[in-house]
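Copied from TrEMBL, the annotated features are:
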TRANSMEM  34-53  transmembrane segment
TRANSMEM  74-93  transmembrane segment
TRANSMEM  113-132  transmembrane segment
TRANSMEM  144-163  transmembrane segment
TRANSMEM  183-205  transmembrane segment
TRANSMEM  212-233  transmembrane segment
TRANSMEM  239-259  transmembrane segment
TRANSMEM  280-302  transmembrane segment
TRANSMEM  322-347  transmembrane segment
TRANSMEM  368-387  transmembrane segment
Amino acid sequence: METGTSIDNGYEGIKNGSWFSQFRNGCNPWMARYVYGLIFLLANLLAWALRDYGRGALTEMRKFKNCKEGGECLGTEGVLRVSLGCFLFYFIMFLLTVGTSKTNSSRDKWHSGWWFAKLFMWLGLTIFPFLLPSSIIQLYGEIAHFGAGVFLLIQLISIISFITWLNECFQAQKDAERCHVHVMLLATTAYTVCILGVILMYIWYVPDPSCLLNIFFITWTLFLIQLMTSISLHPKINAGFLTPALMGLYVVFICWCAIRSEPVGETCNRKAEGSSRTDWLTIISFVVALLAMVIATFSTGVDSQCFQFRKDENHEEDEIPYGYGFFHFVFATGAMYFAMLLVGWNIHHSMKKWTIDVGWTSTWVRIINEWLAVGVYIWMLVAPMVLKSRQTT
């Protein structure tokens, strides 16, 4: 019992310690999540390298009999093969860690340690897809569309839950008057940025009245912001200004990303035409987008609390700090998501160097994601009222 208590106290010290101390103290769940994030980043970089610079590895690829002179293991198929290996690694980890609840269990030790074994497992699973025929890889590419959609839905719910949690934190402050001022300042700033973003999108992406699709995307986004605000301020809901303002920022950002994903040759996307050649700005934009995707996957994977239907405020000392199974499941679907970004959501489409998430399919995926985000947010606002009215009838 003393050994178990000392381990629990050690875990508590690591949890409350600095970021550096979590690494210095060796195998623990807080350090493990960063290592898994690093492995995910390496898989992303490998997939990008095979897509953009894989021709240099053509001689080595010919050794794999299913690569057909190396061509079917490069470009889009190279991305899908690396993505499949990454997916298999995290999905196996999901199966082996789902249901873990105690920090000192064998599955907790497997999640937090055994790094040499898991490194060899990851390398083996990365090589394995290159031994598979092209038909299986194409099938995985089709399935990856669904898996990437699941990832976007999980990320969406996580973001909305964070916005709702932030609003509740402000409302729970003891100093209500000062808190109210902070909320109004933050909401006003968010709405100002939303309006500025809409104006800039009209300037940049509607150079001609014939750009009807972009006009529709931007105008509809403005309407959705007004709709969310009106419902949030309805007397029967009374959710305040802050959450629709922050959601407005999110949907404006998605709309901007959607229009930027339009193909370079489109006359309504002057910004894309100006950045069609590879320069330092294009490379920096690509690196930032890649890192943002990895960070988004990491932060969503750690946030398993927003998917618990019943919140338990009483946490035991030996309870795991985050859901291991959920963490690996998010990374597994994230592996499908990064494949879709690197191939533009079209497995029969070749992408230019240093581009990510470009093409009409990418544009419509983001637009639908924006509309879905608004739908989920509105449902979260009206659901308590709807369910309450059903119970009274």
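For all residues, glycine too, the Cβ spot is worked out from N, Cα and C.
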Worksheet item: Are there at least 3 C-beta pairs under 8 angstroms linking the transmembrane segment (212-233) and the transmembrane segment (144-163), leaving out pairs fewer than 6 apart in sequence?
Response: no
Worksheet item: Taking 3+ C-beta pairs under 8 angstroms (sequence gap of 6 or more) as contact, is the transmembrane segment (322-347) in contact with the transmembrane segment (183-205)?
Response: no
Worksheet item: Should the transmembrane segment (183-205) and the transmembrane segment (212-233) be scored as in contact, given a threshold of at least 3 Cβ pairs under 8 Å and pairs 6 or more apart?
Response: yes
Worksheet item: Same chain, outside the transmembrane segment (368-387) by at least 6, Cβ under 8 Å from its Cβ: which residues?
Response: 152-153, 156-157, 159-160, 164, 221, 224, 227-228, 231-232, 236-237, 239, 243-244, 247, 250-251, 254-255, 258
